[in-house]
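Quick notes on the structure that follows.
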Amino acid sequence: MFGFQAVDIFSLDPPPNSETSLEADFAMEQAENACRLKLLRADVAADLLPAGCSPTDLQPAVNVKEKIEVNGESRLVQKKKTLYPEWEKCWDTAVADGRILQIVLMYNSTPVVEATMRLEDIISKCKTDAITHIWINTKPAGRILAQTRHLRNAPDDDHPVEDIMTSRSNSGPGLQRRRGAIKHARVHEIRGHQFVATFFRQPHFCSLCSDFMWGLNKQGYQCQLCSAAVHKKCHEKVIMQCPGSAKNTKETMALKERFKVDIPHRFKTYNFKSPTFCDHCGSMLYGLFKQGLKCEVCNVACHHKCEKLMSNLCGVNQKQLSEMYHEIKRGTHSTASCPPNIANLHINGDTPKNGLNKLKNLFRTHQYSVEEQKEQEEYMDNLWSGSGDGPVRKYALPHFNLLKVLGKGSFGKVMLVELKGKNEYYAMKCLKKDVILEDDDTECTYIERRVLILASQCPFLCQLYCSFQTNEYLFFVMEYLNGGDLMHHIQQVKKFDEARTRFYACEIVVALQFLHSNNIIYRDLKLDNVLLDCDGHIKLADFGMAKTEMNRENGMASTFCGTPDYISPEIIKGQLYNEAVDFWSFGVLMYEMLVGQSPFHGEGEDELFDSILNERPYFPKTISKESAKCLSALFDRNPNTRLGMPECPDGPIRQHCFFRGVDWKRFESRQVPPPFKPQIKSTSDASNFDDDFTNEKAQLTPVHDKNLLASIDPEAFLNFSYTNPHFSTK
């Protein structure tokens with residue numbers, strides 16, 4: 001393979017003592033470069049295995065050979081005894097030029113497959129000193145998954161081997177870790193600008209209205225392309241095209257044609273004698289001399305780096321021009337859409353002034369507390385439920401006892417709570433208001449509330465009992481699914497059999513199709529969000545990433561979000577996408593249930609996304625042909641022809657051969673008995689949730705920054721409180 005001739009035959013004698021060999025024969029040599037390895041598992045085709053043998057029955061035998069020169073010819077010589085390491089046990093070896101690693105997988109002293117690889121090649125795949133997972137191809141077929149780490153100055157390393165190389169239960173491509181979802185900042189595209197809510201660590205002024213940008217959190221928006229800084233209230237009023245964008249929008253072209261706005265500034269280097277701020281990016285001009293540029297005509301100032309980004313608006317008041325432009329548009333639209341007598345009402349008398357004052361009074365911001373919202377929220381609740389007989393019961397935090405922590409995230413916590421005096425148990429999701437506002441996720445919170453309310457119409461979605469708020473938190477009180485999530489259960493058995501996978505898949509398909517029929521994209525389907533009730537039926541939870549049709553452009557979404565392992569190719573490419581992304585995630589989830597690991601791998605997000613875009617998942621022989629065919633159709637990188645979409649060449653997903661014989665009517669009504677029933681001791685039992693969470697004290701973390709709380713607009717979460725009149729518990 002490498003052009004060398006091996007003169008020593010690989011010893012296949014039975015292992016005398018694995019631990020002795022590990023310590024004595026493979027002790028770390030005094031070398032600057034060393035490699036720490038751990039063999040995790042093998043994928044070997046069934047036709048290569050001896051009768052009655054499975055891949056887990058294979059025993060690895062490892063040999064290290066070194067290159068020597070014999071009569072001018074390069075040869076490989078084995079100087080040490082063969083090592084017989086255990087699976088998932090670490091061992092070290094020094095790295096030298098020409099040193100070869102040979103691995104043979106045996107069954108009862110009979111070689112089955114073997115692999116040969118240079119140690120330099122293994123080291124080259126390692127990223128600095130981080131733990132790396134690699135696949136080693138075997139002959140005649142198959143591969144071995146190994147964990148490796150590049151050690152430098154290894155003899156000085158005092159840590160035990162097992163403390164450095166983590167076990168498979170805690171890392172690696174196996175499903176023994178929880179993976180958090182990510183969401184890129186929401187981009188507001190105006191005239192080619194890509195505005196993102198930004199926290200400014202230094203004083204900034206708005207480039208449109210020139211006023212100071214106040215606030216303790218994200219004070220305003222900043223363009224990702226040209227760094228222009230504006231107020232949140234001003235970003236839609238920007239009139240000029242972003243100089244960092246190649247787009248020419250219709251609005252920008254209309255401005256050029258209508259107003260002929262193209263007056264370049266006459267900048268010259270200037271010594272500012274007092275603190276001055278850039279009229280483009282809003283930050284201060286630093287320095288003692290020649291801090292920036294100043295226009296000789298309109299006195300606009302900017303950094304040297306911002307000169308090329310300044311719009312040709314010399315002498316133009318952007319704020320007034322923007323207001324004029326929008327007033328003209330508004331007047332044109334109102335005149336065209338209203339009867340003549342209504343459209344011309346503003347011409348006579350003092351009506352405009354009085355009407356304007358009334359309008360200002362109507363939309364004036366009042367500083368009122370959460371308690372003052374009660375009456376209006378009660379009215380809105382009755383409107384939603386269609387009930388006019390009287391107010392439904394309102395709930396607040398004192399009505400519940402906090403018992404255990406069920407999960408945690410950047411948003412806050414999910415806790416097991418008890419309704420006082422009722423002996424009823426619920427899951428309470430606690431969202432931090434400051435985090436929601438900083439991430440500009442207020443709209444997402446209301447979408448989650450809307451989807452949870454809608455969930456009462458589907459038996460496979462987690463139902464909402466009530467929602468309320470305090471000055472610091474938002475709360476969703478939902479039904480408690482004490483069966484735990486699929487991630488917890490797959491950790492116990494490594495993977496599910498096909499019958500159990502098919503059962504969960506059927507109920508998930510029903511849930512997804514219900515969401516899609518209501519124009520909702522889930523966007524966060526994963527094992528962690530599929531929970532079991534006490535009977536073993538599944539329910540989808542956590543709709544914080546959901547997207548509804550009312551906040552999508554032309555029925556398509558564009559936000560980059562989801563859990564990295566489950567993100568579809570079109571999201572990674574930055575394309576507009578629809579419900580097809582949920583079926584890609586469904587394919588990843590099915591693969592994990594059947595195989596016990598993720599279909600795509602990578603040390604970092606970049607490698608993982610490259611794998612999702614380019615690599616074909618490996619289908620082991622242990623899964624059926626129908627399963628492999630279903631997964632292949634779900635992993636179609638063309639979203640239009642992906643399984644689950646109307647244009648899929650394999651037909652509707654319910655008619656796929658993997659679901660042959662499924663009675664979908666019985667599944668929709670939950671009449672099919674589950675293949676697995678979780679062990680539950682009581683209605684408040686939390687044993688099916690991770691101990692890392694349940695052992696933590698159930699309490700809310702207070703926000704100590706009182707100024708931050710004071711800056712939260714009480715109207716930001718108006719009408720959030722809700723009580724579901726249709727909620728039912730068993």
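Using N, Cα and C of the backbone, Cβ positions are placed for all residues, glycine too.
TrEMBL labels come from automatic prediction, so no person has curated them.
Feature annotations, courtesy of TrEMBL:
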REGION    155-177  region 'Disordered'
DOMAIN    192-242  domain 'Phorbol-ester/DAG-type'
DOMAIN    264-314  domain 'Phorbol-ester/DAG-type'
DOMAIN    400-659  domain 'Protein kinase'
BINDING   L406, G407, K408, G409, S410, F411, G412, K413, V414, K429  ATP binding site
ACT_SITE  D524  active site, proton acceptor
DOMAIN    660-730  domain 'AGC-kinase C-terminal'
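The two recorded residues, G412 (ATP binding site) and D524 (active site, proton acceptor), show a Cα separation of 17 Å. Neighbour density around each Cβ, counted as other Cβ atoms within 10 Å, peaks among the binding-site residues L406, V414 at L406. Classification of D524 (active site, proton acceptor) by DSSP places it in coil, neither helical nor stranded.
L406 (ATP binding site) sits 19 Å from the residue listed as 'active site, proton acceptor', counting Cα to Cα. For the pair V414 (ATP binding site) and the residue listed as 'active site, proton acceptor', the Cα-Cα distance reads 17 Å. Across the domain 'Phorbol-ester/DAG-type' (264-314), DSSP assigns 3 helix, 13 strand, 35 coil. Within 10 Å of the C-beta atom of the residue listed as 'active site, proton acceptor' sit 22 other C-beta atoms, taking all shown protein chains into account.
With a 10 A radius on its CB, G412 (ATP binding site) counts 20 other CB atoms from all the protein chains. A separation of roughly 16 Å, to the nearest angstrom, links the Cα atoms of D524 (active site, proton acceptor) and K408 (ATP binding site). In the shown protein chains, 17 other C-beta atoms lie within 10 A of the C-beta of K408 (ATP binding site). Taken residue by residue, the domain 'Phorbol-ester/DAG-type' (192-242) breaks down under DSSP into 3 helix, 14 strand, 34 coil.
Summarised as a single figure, the pLDDT of the domain 'Protein kinase' (400-659) averages 91.
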